[in-house]
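To start, the structure itself, in structure tokens.
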Amino acid sequence: DRDSCIDKSRCSKYGYYQECQDCCKKAGHNGGTCMFFKCKCA
């Protein structure tokens, strides 16, 4: 699911969101970015 990482990691809007990237990559996406403290997979 594209948004499966939203609930797993509350990330910082600015700064380091490696957790989001890792979660999205495990889900089969290229990576992820953080918007409004929520992880969005790309």
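Glycine too: its Cβ is placed from the backbone N, Cα and C atoms.
Annotation comment: Swiss-Prot describes CYS5-CYS23 (among others) as disulfide bond. Listed in sequence order, CYS20, CYS23, CYS24, ALA27, GLY32, CYS39, LYS40, CYS41 are the same-chain residues six or more apart from CYS5 (disulfide bond) with CB atoms under 8 A from its CB.
Look at Swiss-Prot and you will find CYS11-CYS34 (among others) tagged as disulfide bond, backed by similarity to another entry. The DSSP secondary structure for CYS34 (disulfide bond) is strand.
The disulfide bond annotation in Swiss-Prot covers CYS20-CYS39 (among others) and is backed by similarity to another entry. Under the three-state DSSP scheme, CYS39 (disulfide bond) falls in the strand class.
Summarising the annotation, Swiss-Prot assigns disulfide bond to CYS24-CYS41 (among others) and lists similarity to another entry as the type of evidence.
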